[in-house]
Amino acid sequence: MKRNLSWRTLNPLLRKKEWFVYYLLFVMTMIFAVLLRDTGFFSSANFINIIRQTAPVMVMALGLSFALSVRHIDVSIGAVVSLSAVVCGLLLREVHMVFAIFGALSVGLFAGVINGLLIEYLKTSSLLVTLGTMSIMIGIARSISGLESIPITNEHFVMLFGSELFMGIPTSLYWVAILALVAWLIVHCLTLGRHLLAVGKSPENALQLTISPVKIRILALVMCSLFAAFAGLLYAGRMQSARYALGEFDLLNVFIAVAIGSTHLVGSQMRVMGVICGALLIGLLNNGLILLGFTINTQLIVKGLVLVMVITLVHKELNNAK
């Protein structure tokens, strides 16, 4: 008798969907280790390079998880990355580094508030609203940058956000760890985390608990945009320049990371380590495909197939359970 592919047909440990990302990360690492055994894939320099390139995606994925936890989809995060980096680059020419950083983060704050207000008070689709704000922010970034790269020569900024090594570890990894800890504390230790879960699972029940679903959803969108703005700082520091196109092509990577790392894609509690490992998996995939000689077009095809496969397999059980 033919058996359908299901989590129930797998090893008992693998039935827990939250373990999926760790198994997939292990399997992919082993596959590339065999295929790329003579290319330095396992070298410390290569892994440092993967972390440097993946850190902004990790931060963006953490932020997107806040929005998805309350059943909103924010596709403007790539534009927030671009605009915050450009604003930071321009401000670094004129003011102290601290004010430039706050200026960049203010872009995320403002974008999150605007997205939240438009979505909640106009009762509009989050996908459509963030598509619109994405276009606006890309246009602003292109206009104020003059379509040119903005060099960042502030040594302190580059040291702080530029993936310099501190005790052999890229500084960007420290930032990822700090932001992951903040996200974990919010989700597991603060009242806000319980409110996010309540609103994501059932807005009607949240109302009975005297929680304002509107305020919680707006706050989730603000957190999403703030994390994206911080990713813009990491990009600007690593590239030592601010460009209007930074983060523009990361949306697919971020969604794959969240899809792989989350038990359910929307309306569930954030899984911080799962999302981080999902982003790391995408970094390994990108790196491995490049070392294997795949073109950018082939990489996009592979990542698209991965996203479709993950959504089909991992989130199929949610529908079966209903």
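Glycine too: its Cβ is placed from the backbone N, Cα and C atoms.
Taken from TrEMBL, the feature transmembrane segment covers 20-38 (among others). Below 8 angstroms of C-beta separation, residues 14, 260-261, 274, 277-278, 280-281, 284-285, 287-288, 291-292, 314 of the same chain, each at least six residues beyond the ends of the transmembrane segment (20-38), sit close to that stretch.
When Cβ-Cβ distances below 8 Å are used as the criterion, the transmembrane segment (50-68) is approached by residues 74, 77-78, 81, 126, 163, 170, 172-173, 175-176, 179-180, 183, 196, 220-221, 223-228, 230-232, 234-235, 238, 247, 250, 253-255, 257-258, 261-262, 265-267, 270-272, 275-276, 278-280, 282-284, 286-287 of the same chain, each at least six residues removed from its ends. Marked as transmembrane segment by TrEMBL: 50-68 (among others).
Annotation comment: TrEMBL describes 75-92 (among others) as transmembrane segment.
Using a Cβ-Cβ cut-off under 8 Å and counting only residues 6 or more beyond its ends in the same chain, the transmembrane segment (98-119) has close neighbours at 72, 74, 76, 79-80, 83-85, 87-88, 91-92, 125-126, 129-130, 133, 137, 154, 157, 217-219, 221-230, 232-233, 236. Here TrEMBL flags 98-119 (among others) as transmembrane segment.
A Cβ distance under 8 Å defines the sequence-distant neighbours of the transmembrane segment (126-144), meaning residues of its chain 6+ beyond its ends; these are 67, 72-76, 78-80, 82-83, 86-87, 90, 107, 111, 114-115, 118-119, 221, 244, 248. Positions annotated as transmembrane segment by TrEMBL: 126-144 (among others).
Positions annotated as transmembrane segment by TrEMBL: 173-197 (among others). Nonlocal intrachain contacts for the transmembrane segment (173-197), taken as residues 6+ away from its ends with a CB within less than 8 angstroms of a stretch CB, comprise 51, 55, 58-59, 62, 65-66, 69-70, 161, 166, 206, 211, 216, 219-220, 223, 227, 230, 234, 268-270, 272-273, 276.
What TrEMBL lists as transmembrane segment is 218-236 (among others).
According to TrEMBL, the feature transmembrane segment maps to 242-260 (among others). For the transmembrane segment (242-260), the residues of the chain that approach it from at least six positions outside its boundaries are 20-21, 24, 56-58, 60-61, 64-65, 68, 75, 77-82, 85-86, 88-90, 138, 141-142, 145, 147, 149-150, 152, 228, 231-232, 235-236, 274-275, 277-279, 281-282, 286, 300, 303-304, 306-307, 310-311, 314-315, judged by C-beta separation under 8 angstroms.
With a cut-off of 8 Å between Cβ atoms, the residues of this chain six or more beyond the transmembrane segment (272-294) that come close are 18, 21-22, 24-25, 28-29, 31-32, 35-36, 39, 41, 46, 49-51, 53-54, 57-58, 61-62, 65, 176, 180, 183-184, 187, 253-254, 256-263, 302-303, 306. The transmembrane segment annotation in TrEMBL covers 272-294 (among others).
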